[in-house]
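Undergrad: Look at TrEMBL and you will find 1-26 tagged as signal peptide. Sequence annotations record features per position, and here TrEMBL assigns disulfide bond to CYS36-CYS51. Marked as domain 'Cupin type-1' by TrEMBL: 65-213. Annotation comment: TrEMBL describes ASN100, ASN110, HIS115, GLU120 as oxalate binding site. For HIS113, HIS115, GLU120, HIS159, the entry in TrEMBL reads Mn(2+) binding site.
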Amino acid sequence: MVSPSSSAYSLLFCLVLVLTPFPSHSADPDPLQDFCVADLNATFSVNGYPCKPISQTTSEDFFFDGLSKEGNTSTIFGASVTSGNVQSFPGLNTLGISMNRVDFAPGGLNPPHSHPRATESGVIIQGKLLVGFVTTDNVFHSKVLTAGQMFVIPRGLVHFQLNVGVGKALAFTAFNSHLPGVVLQAPTLFASAPPIPNQVLTKAFQVGDDVINNIKSKFGA
């Protein structure tokens, strides 16, 4: 027989479970106002830039043409990333979304990198790209995609895109953060300031100082 006090405690426990909000799985917290156009002249705070006064907000704050222009692919990797995040498009502030344009020369590579604050999805607009990522279990997933096909990269995982077609390639990518961040693996390890000690890198990669110094020289370190 269940005592009244036991039933009351059971009911209270159930109510707590029902009424307690589940943790959000979005990269950015949900906004509590219609919009918060970023004041880029202010100091960046924990979750975004402070809002520009509504009296100073204009229609132009909600439109951005930066992704309409082809990027310069005359780079070491033969690829160019044009970011449409809060720092270039202030109207995205607190809204939890952003986009990139990625242009590729023939053979161009968007090198291995990760986004610490966002999951990425993308669609191929032109050309043929090999898209791949590595899981935390060290499993490599990849596929060659063509125009109209889509991909997703789970948050924080190392990934890349390589142009395997005969001409240029173009992709647009989207993120569930207004500032997803990017960690480029090679420059992070071999061109940080101040530099990571060689004794760390030689042990991590099981190579000699000559190899590490050669790689560092490629990145101007």
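Cβ atoms here come from the backbone N, Cα and C positions, even for glycine.
Keep in mind that what you see is a predicted model, and the values were worked out from it rather than measured.
Help me understand the surroundings of these features in the structure.
TA: Sequence-distant neighbours of CYS51 (disulfide bond) (same chain, 6+ apart, CB under 8 A from its CB) are GLN33, CYS36, VAL37, ALA38, ASP39, ASN93.
When pLDDT is averaged over the domain 'Cupin type-1' (65-213), the result is 97.
If you draw a 10 Å sphere around the CB of ASN100 (oxalate binding site), it holds 22 other CB atoms from the protein chains shown.
Counting only same-chain residues six or more apart in sequence, the Cβ atoms lying under 8 angstroms from the Cβ of HIS113 (Mn(2+) binding site) belong to VAL158, HIS159, PHE160, VAL182, VAL183, LEU184, GLN185.
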Undergrad: For the recorded Mn(2+) site formed by HIS113, HIS115, GLU120, HIS159, name the remaining residues of the chain with Cβ within 8 Å of the site's Cβ center, in chain order.
TA: SER114, PHE133, ILE153, LEU157, VAL158, PRO180, VAL182
Undergrad: Could you break down the residues of the domain 'Cupin type-1' (65-213) into DSSP helix, strand and coil, giving a count for each?
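TA: The breakdown for the domain 'Cupin type-1' (65-213) reads 25 helix, 59 strand, 65 coil.
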Undergrad: Name the residues of the same chain, 6+ apart in sequence, whose Cβ is under 8 Å from the Cβ of ASN110 (oxalate binding site)?
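TA: Long-range Cβ contacts: PHE77, ALA79, VAL81, VAL102, PHE104, PHE160, GLN161, LEU162.
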